[in-house]
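One structure is given below, encoded as structure tokens.
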Amino acid sequence: MGVSEQRFKLKTNLKPAGDQPKAIKKLLENLRKGVKEQTLLGVTGSGKTFTLANVIAKYNKPTLVVVHNKILAAQLYREFKELFPENAVEYFVSYYDYYQPEAYIPEKDLYIEKDASINETLERFRHSATISVLERRDVIVVASVSCIYGLGKPEHYENLRIKLQRGIRLNLSKLLRKLVELGYQRNDFAIKRATFSVRGDVVEIVPSHTEDYLVRVEFWDDEVERIVLMDALNRHVIKEVEEYSVFPASHYIAPRPTVEQALKEIEKDLIERVKWFKSQGREVEAQRLYQRTMYDIEMIRELGHCKGIENYSRYFDGRKPGEPPFTLLDYFPEDFLLIIDESHMTIPQLRAMYNGDRSRKEKLVEYGWRLPSALDNRPLKFEEFLERINQVIYVSATPGDWELERSEAVVEQIVRPTGLLDPVVEVRPKMNQLENLVKEIKEVKKRKERALVLTTTKRLAEEIADYLTERKIRAKYMHSELDAIERAQLIRELREGSIDVIVGVNLLREGLDLPEVSLVAIMDADKEGFLRSYQALIQTIGRAARNIHGKAILYADRITKAMEKAIQETQRRRKIQEEFNKKHGITPKSIKKPVKELLAIEELDYVSVPEELPKGVKSEEDILKKIEKLEKEMWKYAQNWEFEKAAKVRDEIKKLKKLLGLD
């Protein structure tokens with residue numbers, strides 16, 4: 001059961017065009033020469049993802065793509081999945097739907113207990129990613145910055161797997177014990193991730209990374225007679241296999257001897273820390289730490305886990321104090337390729353993770369809520385992250401100075417295959433700017449296109465949205481106080497045409513495709529600061545670069561250095577594209593992209609109301625209740641072996657989920 005050597009197969013009818021062939025060739029040349037760090041400077045709409053897909057296919061190395069948020073990760077995951085249907089394309093983001101970290105505020109003597117809700121679907125994706133990385137080389141993992149957080153020792157995860165093979169001697173009871181040790185639970189009634197059921201000489205296992213199929217293991221005496229992968233719902237045989245690896249139900253599982261040794265070390269460190277608190281005359285902290293830690297030790301000894309077990313991860317991993325945690329990067333082979341997308345945003349996030357985490361935990365340790373080992377349950381420091389890089393491509397329309405200084409090569413991708421030019425940029429005075437804005441948006445409306453308006457404050461965003469609404473323009477505002485569900489719904493409304501304009505402070509500068517947007521209006525463009533920096537202006541102007549009528553209006557009474565640089569760069573890119581179009585006889589065309597592509601799995605618990613609701617259903621909440629009811633009905637049929645009825649109900653559930661964008 002070695003690592004699969006299957007090659008990447010890029011499936012597409014498209015051929016590289018514009019600057020793509022040149023960029024692909026140069027990036028590959030650099031990689032093959034051993035260049036460690038390089039940058040792909042690709043303008044919005046130039047097809048950077050397609051370029052990267054070609055590089056991945058030709059270079060043929062396991063690849064990790066890191067982006068700065070879940071929505072962009074999901075968009076890239078979906079695009080790579082379509083381009084590489086025969087290869088392992090995986091999605092690795094934080095599995096929390098809700099997360100309130102443990103904290104202590106000494107000024108108020110207030111302890112906040114950790115509270116979290118884990119999304120089982122995202123947890124399945126994470127297991128699927130680590131299993132693919134360990135079992136095959138034709139793998140692309142698209143991850144958020146959560147990939148630098150502790151994940152458990154890869155050696156334990158890999159070595160503890162149960163290797164099933166047809167014909168091997170294996171006692172059925174021993175297999176059941178092993179499954180329990182790996183964190184699997186017996187469940188003879190429902191099909192759930194990381195469970196198993198037993199009927200006579202047959203064990204059925206639902207793996208940790210999927211609920212689509214189950215593994216049926218048939219015994220004859222003490223021998224594995226047959227291993228079959230079956231459809232989890234209708235129990236049809238998918239295929240019979242010679243071997244199958246069952247991986248642990250958690251990334252944090254450790255062998256029993258390791259656990260026993262870890263508990264001894266925890267107790268030893270506890271005694272020393274309690275002694276230290278007492279020597280400082282801090283009896284309350286000493287007593288608190290002793291009681292809490294001894295309770296955790298007993299829970300781990302009896303049940304194999306406790307609340308907040310990650311705070312003891314250093315002991316289970318065999319790490320010394322201060323040593324970095326194991327992360328997703330440690331699961332990859334040494335020759336992996338790293339791609340950091342939207343690097344000007346992702347790099348600062350990677351830098352900031354460690355300090356933010358440490359300041360919170362130091363208080364917990366200082367006041368006796370946690371042992372000092374809690375400080376080692378942390379994300380990687382930025383320097384530690386860099387040490388784990390083999391070869392990296394930074395990707396951005398506006399790379400940061402840090403990436404550019406480190407890169408041995410900067411590969412430009414300015415020309416778009418569609419022939420689309422960068423938006424026309426106009427600077428207009430602030431006087432009567434709102435009247436001018438209304439006039440421009442009405443022109444956009446006539447063409448059935450959309451607009452984005454950027455302000456400098458949340459209050460101004462709301463006021464402008466109200467002003468536009470009063471003038472019969474369908475406008476809504478977006479700012480940081482809106483949660484991700486509301487933001488996702490707003491984007492969908494804009495793309496579908498339910499609204500004409502979104503007004504906001506920091507509007508979707510990076511990544512998301514909004515081909516319907518032909519106008520970007522930047523209010524107070526001459527106010528210097530982060531939101532009006534060169535990078536911010538280029539990214540914002542780029543939001544209108546996927547439409548043939550793309551235009552950016554900068555309302556300002558003076559031209560700042562950032563504005564001047566952004567305008568010059570946009571004009572330079574327009575000129576390059578114009579010359580290319582003229583030379584090759586290309587007529588620019590707007591990008592067309594179905595709206596459904598925008599928000600399918602970005603947040604797996606996010607929903608949006610369909611235009612036409614099913615009969616008897618009045619709201620999105622009703623649909624969710626209906627799905628829940630049908631799922632119970634489906635499993636009831638399945639348990640009674642009425643698979644045809646179960647399949648019909650499953651199809652009905654699929655239709656409802658599709659309406660909600662959850663398909």
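Even glycines carry a Cβ here, placed using N, Cα and C.
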95-118, 215-238, 503-526 - the one Swiss-Prot records as motif 'Beta-hairpin': 95-118
List of residues, in chain order, with Cβ under 8 A from that of Gly47 (ATP binding site) and at least 6 apart: Ala17, Gly18, Gln20, Gln413, Arg416, Pro417
Of Ser46, Thr49 (the binding-site residues), the residue whose Cβ has the fewest other Cβ atoms within 10 Å: Thr49
Shell of the ATP site beyond Gly42, Val43, Thr44, Gly45, Ser46, Gly47, Lys48, Thr49, same chain only (C-beta within 8 angstroms of their C-beta centre): Thr51, Ala397, Gln413, Arg416
Per-residue pLDDT averaged over the motif 'Beta-hairpin' (95-118), given as an integer: 82
Residue counts (helix, strand, coil, in that order) that DSSP gives for the motif 'Beta-hairpin' (95-118): 3 helix, 15 strand, 6 coil
Number of Cβ atoms other than its own within 10 Å, given for Val43 (ATP binding site): 25
